[in-house]
Amino acid sequence: MLRALCHGILIFSLLFSASAAIEIGRCNCDGDSLWSIETILQCQKVSDFLIAAAYFSIPLELIYFAACSNLLPFKWIVFLFGSFIVLCGLTHLLNVFTYEPHSFLLMLCLTVSKFFTALVSSATSITLLTLIPQLLRVKVRENFLRIKAWELDREVGKMKRQEEASWHVRMLTQEIRKSLDRHTILYTTLVELSKTLGLQNCAVWMPNEKKREMNLTHELRQRNSSSLYSHSIAIDDPDVMEIKETKGVKILRPDSMLAAASSASVLEPGAVAAIRMPMLKVSNFKGGTPEIVEASYAILVLVLPRDDSRVWSSQELEIVEVVADQVAVALSHAAVLEESQMMRDKLMEQNRTLLHAKQSAMMASEARNSFQRAMSQGMRRPIHSILGILSMMQQEKLSQEQRLVVDTMAITGSVISTLINDVMDTSTIDSERLSLIMRPFQLHSMIKEAASVARCLCDCRGFGFEFQVDNAVPDRVVGDEKRIFHVILHMLATLLDGRDEGFVTFRVLSYYGDKDGQDQEWVPWRSRFSDGYACVKFEISIKKAPSDEPSSSTVQLAPKPNSEGFEMGLNFNLCKKLVQMMQGNIWAVPNSQGIAESITLVIQLQLQPLSPVSDVGEAAGLYRTSSAPNFKGLRVLLAENDDINRAVTGKLLEKLGCSVSSVASGIECLNSFGNAATPFQLVIMDLDMPKMDVFEVAMRIRKSRSRCWPSIVALTASAGDDVWVKCLQSGMNGLIRKPVTLQSMGEELYRVLQNT
């Protein structure tokens with residue numbers, strides 16, 4: 001504006017100076033009107049004076065303007081133009097004095113002034129011709145700078161809008177991440193987006209379980225019961241499919257079914273936008289890598305108010321995209337949390353189940369321990385005492401009938417003791433697995449003892465009895481003598497059960513395989529027939545009259561629901577397992593009523609080569625009368641916590657000629673050993689004593705500074721092999737397994753004293 005004013009002043013001054021430079025002489029016009037010559041001259045005189053004053057003031061203003069402005073390239077133009085104005089003013093000032101009579105000098109000055117005015121005005125006009133292109137270039141540069149300034153303002157505005165959008169996104173993100181509940185996240189998103197963008201309604205659509213429809217799950221405005229639109233849309237709707245295939249925001253058409261269903265019953269909604277949100281779960285990942293599964297998306301729909309001037313801006317769409325991504329991340333976190341909570345609840349439930357199972361196991365273990373204690377206190381210890389007393393009675397002088405009774409009692413007591421140990425060992429290891437003790441024994445002696453027991457049982461119940469042994473049956477074999485004896489007694493009891501009278505036949509013969517097909521039950525073991533093995537057949541049958549013939553048909557011994565003779569329970573399972581472990585088989589021959597009439601047992605035994613040396617393993621067999629060794633004068637310290645067993649064991653030692661001192665605990669044993677005036681030569685301790693570990697007692701005795709260490713022998717009812725290893729590690733010399741008999745104790749003490 002200032003430059004345009006300067007240009008106008010310059011052009012006006014040039015025209016005015018040109019008109020002023022024309023000499024107007026005195027005219028010869030006379031008149032009697034108001035405007036006379038004198039009046040006109042006076043007006044011109046005043047006008048020239050005012051013009052001169054104005055001309056002299058304008059250069060001062062131009063000089064001030066040039067000094068204050070930054071128009072350095074155009075200052076000389078300003079000074080030239082100022083000179084021109086001063087000269088024009090000087091001309092008008094001199095012209096004031098020409099209206100009166102004047103001198104030649106005045107006319108000369110006026111002429112010189114006009115001459116210089118003409119020169120300066122010509123120079124100024126010429127200079128303006130060269131100045132106009134420069135002024136035009138200044139105008140173009142000004143327009144360019146104006147355009148740049150406008151673009152800069154636009155960029156600054158865009159940055160401000162982006163900063164504002166970022167602020168809104170941060171605010172929305174903070175609000176969304178305040179909760180990890182899926183429903184809270186979605187409702188917070190709808191409320192905050194509505195506040196930020198000024199929306200009429202927001203809605204979230206999710207696929208159902210079958211992924212056939214999109215259901216309206218969350219909405220900003222609550223719907224009334226008279227809604228005109230359904231709350232579900234087919235998943236194959238064109239808009240739904242297009243939104244799922246588009247990464248960004250999609251503006252829906254006014255006639256879109258999804259837009260109409262998301263407008264909260266408003267008939268004329270504004271512009272509607274929609275965007276997909278991926279739905280992730282923990283099951284989508286394995287080891288941090290997503291599985292190749294079908295993607296599942298939710299749809300976020302946003303509705304603007306009805307306003308012709310309101311449309312979706314790029315800034316708002318950008319905010320929607322960023323918020324949708326943040327909501328997807330928050331939903332994935334919520335899904336992880338929900339599934340983690342479900343897993344935690346499942347683990348807690350499993351933990352409660354495990355705790356309950358642990359408590360049940362502890363109760364079962366306590367019940368088992370109680371059962372073992374009851375069995376030990378009520379059955380095993382008494383039978384051990386009885387067997388010890390019977391072993392002493394066998395050394396006395398008895399009649400034939402008395403000796404038969406005592407031997408029968410000893411044999412049956414040994415079988416009962418073995419059964420009790422089996423039951424306790426089975427409950428201890430929580431398994432029905434049994435073990436065999438393979439030792440050399442005399443088969444004929446065992447058969448006679450079994451026949452004696454069978455005869456006693458038959459006589460007591462009024463049954464007849466017959467006994468036959470084939471001469472081809474081997475005598476010295478290797479096997480588990482007690483187990484075979486147990487199975488034979490079980491066969492006899494099975495036949496006698498449920499009958500009141502009859503005749504029992506017990507036959508033992510060598511077995512080479514029946515021709516009638518009876519041996520087909522144990523064909524897998526026939527391949528082991530060799531010179532070092534022999535098969536023995538034990539057959540027990542019962543009949544009402546000697547003329548009755550047994551049936552030729554055979555069946556394998558197995559439990560039957562309608563036959564009491566075959567319902568043998570635990571005894572049957574034990575016998576069957578034992579027979580199979582001894583490479584044999586057992587079967588029954590029923591009569592026409594289906595009741596067992598005869599039972600046959602076939603066992604494969606290893607033959608023992610003839611040797612003049614007596615078998616050490618015979619000592620652990622069934623109890624037979626034999627001369628006991630004598631240990632007269634042997635000082636023995638006996639430690640046993642059970643009073644009856646301690647008394648019986650003491651009597652057995654005294655029967656062997658020992659001098660016995662008895663104590664009831666390990667502490668008393670250490671005190672007696674340390675305070676004894678005459679040192680003990682032998683210490684016998686029960687491994688099941690309470691309060692103090694017997695192995696520790698043995699190690700303390702070995703560490704004591706005595707002139708002669710005693711031999712230490714342990715007593716135990718356990719059949720485990722690890723017991724002997726622990727005894728050796730603690731410094732013990734021998735081990736006697738219960739039930740303790742006179743013969744077994746004498747042989748073990750003899751062995752210990754011979755080796756120490």
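Any Cβ shown, glycine's included, is placed from N, Cα and C.
Those TrEMBL annotations? Automatic predictions, nothing curated.
Summarising the annotation, TrEMBL assigns signal peptide to 1-21. For 49-67, 74-95, 115-136, the entry in TrEMBL reads transmembrane segment. According to TrEMBL, the Cu cation binding site annotation covers CYS88, HIS92. Taken from TrEMBL, the feature domain 'Histidine kinase' covers 374-609. Per TrEMBL, the feature domain 'Response regulatory' maps to 635-753. Residues or ranges marked as 4-aspartylphosphate in TrEMBL: ASP686. Feature annotation from TrEMBL assigns ubiquitin cross-link to LYS738.
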I need the CA-to-CA distance for CYS88 (Cu cation binding site) versus LYS738 (ubiquitin cross-link), whole Å please. 154
Other CB atoms, at most 10 A from the CB of CYS88 (Cu cation binding site): 28
Looking only at C-alpha atoms, tell me how far HIS92 (Cu cation binding site) is from the residue listed as '4-aspartylphosphate', rounded to the nearest Å. 155
Between the residue listed as 'ubiquitin cross-link' and the residue listed as '4-aspartylphosphate', what C-alpha distance do you get in Å? 10
Around the Cβ of ASP686 (4-aspartylphosphate), the count of other Cβ atoms that are within 10 Å: 23
Could you give the number of helix, strand and coil residues in the domain 'Response regulatory' (635-753) as assigned by DSSP? 53 helix, 25 strand, 41 coil
Relative to the Cβ position of HIS92 (Cu cation binding site), how many further Cβ atoms are located within 10 Å? 25
Is it possible to get the count of other C-beta atoms within 10 angstroms of the C-beta of LYS738 (ubiquitin cross-link)? 25
